[in-house]
Structures are given as C-alpha cells and as structure tokens.
C-alpha cells in the first residue's frame, strides 16, 4: 500500500487497494480531460461525512478533480473489468465510461470508492464514447439520494459537473460527469469475469479482498467463502425486500448491476411505481418485462445463482460437494426475502408482531389495490394519516370490509394506537421521487435552473416527515404515468 498523503485544505485522502489485485481485473486509465468543467451540484453533507471540506470543493482545483482534468495525490485511476448477464445473455463488460479514482479514507477509517461516471473512453468502452449526458447524471443524483432518505442501501452521489462539451445521443445533449460514491464497485459480474478469464488464484485473490473489504469480522472460519456466499445472499434478500416495500423498480437487474456490498447500484432506467401492479415496467429496453416489479425477487435469486457458480472452485475441493453447498445456500434466499418483506409489510400496517393470518390480510389489501388501480404510496399514506381521498379504492365495499378486519387486528395487539401509528409513519414514505416530478426537475436543470431540483431533493431527504411542505409532492400526476418510459442514457 502506498503512503497516503492528505491534501489538508480539502481533506482528500485517497488510496487504491483494488489496484493491488491481479492486473487482469482492471486497466490503468486516466480520465479524459474536458473543455470547460463547471460544478452544478455538490452534496455537502456527504462530502463532510467523507472528511472533505465542502467550502473548498468549489475551487477550480477540486472542480478539475470532479471533471477528471486533475489527478489528486494518492489516486491511481483504473477502469474495472467485469463480465456478466444482460437480460440473460453473457457479455464481456467492464467500466466503459467510468474511472475509479481510488478509495477515500474517511475520518472513521472506512475506505469508500470515489468513481467518475462519464469520464471518457476506457479499454472496455466497446465502441461507446465514454461520456454521459447531464439529464441521466442528475437523475442518478436525485434517485440515489432519495434512496438514502428512504434508508435503503445505495451508492451515493457527491457531485455533478458539466463538461462544456456536447454528447451525441438521439439529440445533442449537454455533457456531464457524476462523482459516484460506493462501499465498493465489486459486482456479481466482477466475480463472473474472474471465474471466466482468470485463474483460480486470481479468483481467490478477488474473494479474499472482498471479504477483507466488506466482511472483515470473519475470523478463523474453516471456509470463509461459504460465509461470503451466505452474507451476499442475506444482503440481497434484505435489499430487494426494501425495494418492493416502497415500489422501487430498478429496471436493469443485470449481474453487473448487483453489488456484492448489498447497495443499490446503477440508476439508469429505474423509477418508482405509481399504480400498484406487479407487472409494472418502465425501462424502454425491457420489452418482455424481465425486470418488472414483481419479477425483481426471482431475478435477484437468479443473479445470486450466477454468483454462487463463480465460487464453486472455492467452496470445496470436490465439485459435486461444492454444487451441493451452493444449492443449499441459494435455497434459503426465498424464505429470507419473504421474511424481510413480510416484516416490512406488517410494519406498514402498524402491526408489531406477526400472526398467522397477517399475510392474508396483506394479500387482500394488495388485491383490491390492484383491482381499483390504487396508487401504492398514497394508499399507505392514507392508512397512516387515517385520511381517505376520493380514490376509487376507498369508496369500495371491499375496502370497507378489509378496513374492519385491519382495525380488529390492531385492537388485538397490546401496543397502543399511538405506537402503531408511529410505526406506520416510520414505515410508509409520504413522498417518493414521482416520475413526473423528477422530469420537471431535470427539464428545469437542463435550462440552467436548479431550484426545482434542489426543492425536490430537500423533500426527498426526509420522506417520512409527514410535514405540510411535503404535501404538494405527494400529489399524483394529472395524467396517468402508465406509458412513462425510462432510458439508460448510454
């Protein structure tokens, strides 16, 4: 490991331990400088948590770092190699438009990845220009920070700079670079690459590094790789349940977009569900609904099976025994996910301890929500506030009957109604990043007006507040978002 130098006025303290891994797993690559970088968004609270002094980050030297025009002391820029399944088909991938600057060592001693997204071509660009447009980078900033507010594990967004250069997509767009922050950028697809093209020693080096980076409490285990598989399965079961509980649809659950850390990563074609429907899809490229809302849990399990396959040489010396171990661990995912989801759903209804009939109560509500095309978020907000709008659901006899059963269930528990209501407020967001609100913010920002985006971010950072200033953001769009489509921006 290199000697770490601190740039005292800003707090940068960079290292790159990933670059100590076998050279097959990455390529050294500097960002491509841009013409006229301008800082347009800075996440000051995140900067401070990383040990950076936000007041200095607006100066030209630091804007140059965010743009890739300057390499900070301690940084060793690399593009990471990975290969995985995109819509079920295996491809050679890798960071085609992203550069890992290194790991910022925080005041608490954590190592946090600092990556530039849209920073130019790399050996993995596969014909792409390596650049990003302003809209998609701001979109990732908004949604990732909304997920942080929702208390869902996620990569974060530190800054967005415009480049002063155009990006050619269907139209000519403003170029931009996002500074993404993550526990790491190690993916299922990273392991797939190592298993496909690396040696067993290189695969083992990656696994050992991952364990040290994310599961450092493992000590003296006979086989730490079984524990690695178990922990990744547990984290993904928890993560996907949290997505489902708030109606988040990732949109592109390829294996390169499943982080070993258990954080949500890559916010290209994601969106939040309005009307409750398991078949909801927003991504323009997901024509078959592979990554629909209802398919997210089984797709996560499928991705984890691909991860388990990569670990087979490490799980046991005997291949058949390795397969048996992997299958046994994978078989636990469905129950782990369901337990997390059910625990979250009863909390959304103000129920503290599970009873056998609770699942039927939940499924009954969801079925009538689907029948009456009810808004997912606002239905639970109405239950929380005990204020029922003119939503068709609330006028139905089915809802009246369900409401009686729910009240009877609440009356059977020993906790007070006040405690139950507080549990609901902590479990049901009052606001989510409504698709039309995000589009409004992006449209204004592309015209140079960031006030709409900043107001939206302020509300989204505390979605459980149930405050008056949030009320306008819980409103539904005037027109249905059923035809709303999202794009990955590449």
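Placed from the backbone N, Cα and C atoms, the Cβ positions cover glycine too.
Residues 94, 96, 97, 129, 130, 180, 187, 266 are given by Swiss-Prot as ATP binders; from 111, 117, that same site also lists 117. One residue stands out among the binding-site residues 97, 180 for having the most other Cβ atoms within 10 Å of its Cβ: 180. Comparing C-alpha positions, residue 257 (Mg(2+) binding site) sits nearest to 266 among the binding-site residues 97, 129, 266. With the fewest other C-beta atoms within 10 Å around its C-beta, 129 stands out among the recorded positions 129, 256, 266. In this view, residue 94 (ATP binding site) is surrounded by 23 other Cβ atoms within 10 Å of its Cβ, with every protein chain counted.
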